[in-house]
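Lifted from Swiss-Prot, the feature list:
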- Asn52, Gly53, Gly54, Glu65, Asn94, Asp95, Ser120, Thr121, Ser122, Ser125, Gln175: substrate binding site (BINDING)
- His61, Glu65, Gln175, His183: Zn(2+) binding site (BINDING)
- 37-197: domain 'SIS' (DOMAIN)
Amino acid sequence: MTTLQERVAAHFAESIRAKQEAEKVLVEPTVQAAELMLQCLMNDGKILACGNGGSAADAQHFAAEMTGRFEKERMELAAVALTTDTSALTAIGNDYGFNHVFSKQVRALGRAGDVLVGISTSGNSANVIEAVKAAHERDMHVIALTGRDGGKIAAMLKDTDVLLNVPYPRTARIQENHILLIHAMCDCIDSVLLEGM
């Protein structure tokens, strides 16, 4: 029988392996995603972010890093988590169905050149899929954070979008990588804005 200590140690070991596997395929796309967001922000655009459950928390975490700060003081950056307005979420969900809670907000707030960050560990979340469709209708760019094989979202992205797919089967490890990717993108954005990299 495995002890609790061994279980915890196994989580650390698996998390390290998952990050090492992700590093092999995600460094360049992460830079591309950060550059896409920088281009948007420097052209007075905004970033909209969405996801469900833990991915909703990641969307909010990302928006907070942008509007507040990541690690260094800098100007505020326009980012909105579409997961936080309970009145909008419940009204849209009640009147149109849960699949449309993000897409209706994307159509209301998104403009050409803006960026949607859609987060789904499976790549198959119906309301994130609808948000991606709405973003494309608005001529927005999409950065998709997914896992496993990327799901339906990976298949619907355009050449001008960026896929950050964590090639790992376990949801917890995908989520840990998603927050790492979010922090890495925030760092890239800050390094360009503050240090001119």
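Note: Cβ is positioned from N, Cα and C throughout, glycine not excepted.
Spatially, by CA atoms, the binding-site residues Asn52, Asn94, Ser120, Ser122 include one closest to His183 (Zn(2+) binding site), and that is Ser120. If you compare every pair of Cα atoms in Asn52, Gly53, Gly54, Glu65, Asn94, Asp95, Ser120, Thr121, Ser122, Ser125, Gln175, the residues listed for substrate, the longest distance is 32 angstrom. Residues belonging to the domain 'SIS' (37-197) score a mean pLDDT of 98 in the model.
Rounded to a whole number, the C-alpha distance linking Glu65 (Zn(2+) binding site) with Gly54 (substrate binding site) is 16 angstrom. On a Cα basis, His61 (Zn(2+) binding site) lies 20 Å away from Ser122 (substrate binding site).
Most Cβ neighbours within 10 Å among the binding-site residues Asn52, Asn94, Ser120, Gln175: this distinction goes to Ser120. Long-range Cβ neighbours of Gly54 (substrate binding site) (same chain, at least 6 residues apart, Cβ-Cβ under 8 Å): Thr121, Thr171, Gln175. Taking a C-beta cut-off of under 8 angstroms and a sequence separation of 6 or more, His61 (Zn(2+) binding site) has the following same-chain neighbours: Ile179, Ile182. Of all Cβ atoms in the protein chains displayed, 15 besides its own lie within 10 Å of the Cβ of His183 (Zn(2+) binding site).
Around the Cβ of Ser122 (substrate binding site), a 10 Å sphere holds 18 further Cβ atoms from the protein chains shown.
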